[in-house]
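Feature list (source: TrEMBL):
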- 81-176: domain 'Toprim' (DOMAIN)
- 58-73: zinc finger (ZN_FING)
Amino acid sequence: MEFSSKLLERAVNEMAQLPGIGKRTALRLVLHLLKQPKEQTEQFTSALLKMREEIKFCKKCHNISDVEICDICSNPSRDGSVICVVEDIRDVMALENTGMFKGLYHVLGGKISPIDGVGPSQLNINSLVEKVKSGAVKEIIFALSSTMEGDTTNFYIYKQIKDCEVITSTIARGIAIGDELEYADEVTLGRSLIHRIPFENSLKNM
Ligand SMILES: [Zn+2]
């Protein structure tokens, strides 16, 4: 792609680094911004900068939040004895949309994936194990996507907490193998949460 302006080229190259945005789309977006009033670009960039600088991760569940303890963890009507383990904030959003879950979450921040160089120490696993060992948790619900990485992660955590006084379950596999949670519709996802099965039973299918 030949550019008549280095400034334009640089903006397009930056935009094209975003996932799913090719050079052509990046050019279209940048040209769109150029046509809009300058204030719109200022609002756009300041929203991103402010988010990057001020965003926090909840000290209890590691969900993205504007405050130290997120709205879900600080809500007194939620049941802190049931914890749903998810990969990232998109899963929290998907499960919250079902309106079926009244417990708390634990956001791992990814899945164990040796190919991508992600080991257990890079994820929020220790804090989950500590939470369980403290005795305050009655049930752990694994709600990771049913991929090999998801299963590996579930099993890794399960091994560390299986001797604790805690029920471990996994959401029903109404969600097809390999599907990501965030793409499941609310009814399917809500149902798979209600019809969750003991984690040991899911191991027999592995
Ligand atoms: Zn939280």
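Just so it is clear, glycine is given a Cβ too, placed from its N, Cα and C backbone atoms.
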Would you mind giving the whole-number mean pLDDT across the zinc finger (58-73)?
96
Residues of the zinc finger (58-73) by DSSP state, where helix covers H, G and I:
0 helix, 2 strand, 14 coil
Please count the residues of the domain 'Toprim' (81-176) that DSSP assigns to helix (H, G, I), strand (E, B) and coil.
38 helix, 21 strand, 37 coil
